[in-house]
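Worksheet: the structure to be examined is printed underneath.
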């Protein structure tokens, strides 16, 4: 195949690339690799299946395995056969590697090989090579190496997860571009011209990477360990890029500029978010041995962007600080409405009475973009309050007309009416109606004793106290029926109301029976309650714990759906796994809430 | 960090406790080499299904980041079923795109149980078997029983 003409005066453009031998052989390579992958036997799937599941075929297969070495005496996966298969391509790769390293040394002028006698012939040999010849032989060596790698993989039937180990297209374009003398800056007398030293380095580094991968591929268990070579080479490239960019007057080759900037940005993102990234769930994100460095970089970069993003499950609404913005323009609404964002919270009512039914979560302080809706809602509120105001006015007016106003507001209205009715029914009405006690003549008031309720002390002790107190008092006071009844009520301090039976027991002095009955009843109740509690314990625990890990307590409440289902760790994990638009409680838990989560708060269950 | 898989392990232990407390009828399980991430389960064909009398083994492999990734189920015993293919993969939506971290293994096992014992033409993995079930149910039942006798 013909090389591009060396006398071409202009910079080689993309069109000349497509007309060159590089593009033609790229096309051929694509075809070849595809064919190797698809038609080279053994087909991995059928064999694996045969060995696994059908018993009658399995025996055939073991037989086949027994006789196969005598038919085809070569184990494809042994290091020896792999090395033999790779030997020719290894030679060519090594040759171009040596060539490029000498060219690099020559161009950098740091280590003059000519000083060292035995290597002088190498120096001369490399210096006399034309650039386009060097590039073309390198390209062919790389193609050969890739084919050999694909062939060994296919022969073993190993699933090729990352079949393309190398950006061949980009590399071919680079080689083509710099093989033309018009791009060269170094033009020595009598020798072929060379590109800039930085250019040579950018071509050299991927070649190192490829040869490393090719060489360690000779051993099957190492063939997928791509992380180390790619990391070394990418690090070299990045260091070189930054040293040229910041410390060197010469410019970095344009073809690699963008990818280097991209990689640097990703690194910056990862380093910037390293504290957030490495909490808890980093193991799933850690680089694996068979991954390319650039893929790892991209994956980690995206994950750290997601982990530090302030949307969805990553958007923690900030703490609620009760400051003095009491002068709210909003009118009183039926339910509280809070608006939460990262700056804080604005609210309309305070306290536990403020049942928040509607939570607006925003990342910015701007309100609803639908202006009409808010206007309508405000108008509705205004109408509602106006109606209430008119009603109130009308009521006051009516009261004035009836002559019953004493300047009190509407809240004590009911109370007043109550007192008025009692007054009509002939009761004595005192001013301090809270501690109202009727005198001895009036009818017994069962209600009054309820104030003594809820002391929470043990019932049997109370019972005994009550009995003793009653005995003491009844011994002193003159006995009329109403008086004893009243006395019984006044001395009764147990939590349950004084029933007829208990009153009879109290009067007749049968304290022990009550006691025993009461005890039996309580034992029964406690027994029953304990059983219920034990039964509920497991249910309670599963209701209290995070739905994902089922170990930690639920700590995260999601806005605006108010689902309390996750613990913080699982939230963090989810936040770094999914993009914010997919953050729904539905995605995490088995709930039918399809609303997307716009923010969350940590809650604390003391 | 090891904490992720340790958490997965604790959740799995909890699930096992749940499964022991409320066992699923017709399903038994054991662990391969005491590895809680690697289950070897078996399912008994229900008496009203064509798989009656057969015991079908399947492997349940839990990934390292378990609650976030679904377990992988592979049938080791050959079964003539529209939802289970030649390689032993079973087509259950909750093991694929509808997986949620809160789905328990008890749910997974009972869904598999349900799916195996009620072969239906919904989301088929073997279109030919599904077509046969639709058009010629008798032939399907015969083959299924035959395979059950032969392999399970």
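Note that Cβ sites are derived from N, Cα and C of the backbone, with glycine treated the same way.
Note that the structure is a prediction, hence the values are computed from the model and not measured.
Here TrEMBL flags A:446-463 as compositional bias 'Acidic residues'.
Taken from TrEMBL, the feature region 'Disordered' covers A:434-463.
Per TrEMBL, transmembrane segment is recorded for A:15-36 (among others).
According to TrEMBL, the feature transmembrane segment maps to A:90-108 (among others).
If you look up TrEMBL, you'll see A:136-155 (among others) marked as transmembrane segment.
Within the chain carrying the transmembrane segment (A:199-216), a Cβ under 8 angstroms from the stretch's Cβ atoms is held by residues 86, 89-90, 93-94, 96-97, 100-101, 103-104, 107, 138, 142, 145, 148-149, 165-167, 171, 174-175, 178, 183, 222-223, 225-226, 229-230, 232-233, 236-237, 240, 253, 255-256, all 6 or more beyond its ends. Sequence annotations record features per position, and here TrEMBL assigns transmembrane segment to A:199-216 (among others).
Marked as transmembrane segment by TrEMBL: A:228-248 (among others). Beyond the ends of the transmembrane segment (A:228-248), by six or more residues, the same chain brings 198, 201-202, 205-206, 208-209, 212-213, 216, 256, 260, 263-264, 267, 289, 292-294, 297 to within a C-beta distance below 8 angstroms of the stretch.
Sequence annotations record features per position, and here TrEMBL assigns transmembrane segment to A:254-279 (among others).
Residues 3, 21-22, 25, 29, 32-33, 36-37, 40, 42, 76, 82, 85-86, 88-90, 92-93, 95-96, 99-100, 163, 165-166, 168, 171-172, 175, 179, 203, 207, 210-211, 213-214, 217, 223 of the same chain lie 6+ residues outside the transmembrane segment (A:136-155) yet bring a C-beta within less than 8 angstroms of a C-beta in it.
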